[in-house]
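Undergrad: Handing you a structure now.
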């Protein structure tokens, strides 16, 4: 009798704990998305229309979408390239906490400040060019190039890639690695067949955490890329702040949301597939 | 965990304590409700000393807030919430705000200093009889350049920006109206042109400029050009004077084909709660000595002819910032093109930005 009562109470408590979360989700996730969808059906004069969606399928916006995805891909790819070895090394160091802190530390500094710092570093008469000059390579244009845009973005996103990979590596049972080595797997095979598949979830979480915000980057496109890189984020910013064409801005946002949802679905499926392969 | 909670609690308690202390101090000095004036202006667009002087003379406490674009300012005023008493929009924004019924009429009887304003800057198309606005500063859009870096180019014509020697060596201001306007002007069209073929022609012309454009940037343009990151740039005259203060080698010119002439005027938005104070402040800013001091600080061109007379010759006689009638006649003020056309301008501008080298 007593036990049953406890279970009911527990269930009730659980429901009760759900309230803040549900409230949060409804107020700050569901409602804004619905609002965005609602706004996307109005043109700049406030009339109900589908013309925003038509406009999205013109070459201007399609090319912008393509370039957004391309740069987001580059940023994610290079972040992963740097972050995976870093995370791996981190799990092997003595003072993990300290090293991790040092990697996360830059994310405590405001993004704009970091961007401005890079303007100084990458400028024609900046530090990097001074070094290039000294080493005999000579001054190069760094600012307002694809290189600097991807570099700075990778720099900003690295902590978001390192953390989930680090966690996945930490959670991995080290005896599996020993077993693989005992059974004669080379270091590369161990990595390819054991470590990487087991940390794939971390890699995916990291890629999501980088790719999705990278799709809608906007301030850096102006400060570092000098508007030579135009992403959907730039267009949204312009429509909301300059043209006041909230409908078009919202429409682009709707497409971004759809793209992200699709992406998550796709990677979610592939995850199951890959783990199955690993099991075999 | 409890340590964390305790820390947060402490921060909250200290913050609320300080807020209370500030409120208590303000009311003990007579700064409360009816005795404050909220001013909404562009960043770095007034000599802070003048605000102090106004507070001392009038006994009104000034709350000073800034914005970085007309659009952001209009959105905030439309939303209400803050009781802005005085704002400083540009001309096309004034006509839009008038349309949207966001402005209050200005009582000229309370502005004895209005007589100091040059009649040339009164009664303009965006605000007939200055019913809603009073001139604050004005200026042009033109080219700032570094004579050491551009060879023989003088930029008397927009065409010079297209010169092959300037490959990857110019900056543009990140503004749809400014850049599209430049494209239209360089073809001899009006910068308020709304004819589709002309706009497309301007876009085609601008895309030829792409190889020369190093970047399209915002306020950073001042720092970048002062640091000689590029040889030339499309800028506002006021920004140009600021840049030239930092780097004396530079020069500013308004091309002969014509360009934009703009005005920033003081207005009293619908949100105002202290009308007496707002008029007092506007009148204060129109005082010749105050306006002269402000002009020296801000660096834009003053519409106040008495103030101009007080300024040293090297400012008031500078033809780059106080161009003669012959040039100003060729300049155009932005019309309020309506949201649809503005949106179209922005789309063309986006298209221009997307051209790859």
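Glycine too: its Cβ is placed from the backbone N, Cα and C atoms.
TrEMBL labels come from automatic prediction, so no person has curated them.
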Undergrad: Can you check which of A:21-41, A:42-62 TrEMBL lists as transmembrane segment?
TA: A:21-41
Undergrad: Does the chain bring the transmembrane segment (A:246-266) near the transmembrane segment (A:98-127), so that three or more CB pairs sit under 8 Å (pairs 6 or more apart in sequence)?
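TA: Contact between the transmembrane segment (A:246-266) and the transmembrane segment (A:98-127): absent.
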Undergrad: For the transmembrane segment (A:147-166), which recorded stretch in the set A:21-41, A:98-127, A:202-226 gives the largest number of Cβ pairs separated by under 8 Å?
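TA: Of the candidates A:21-41, A:98-127, A:202-226, A:202-226 scores highest.
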Undergrad: Cβ under 8 Å, sequence separation of at least 6 from the ends of the transmembrane segment (A:21-41): give me the contacting residues as numbers and ranges.
TA: 48-50, 52-53, 246-247, 249-251, 253-254, 257
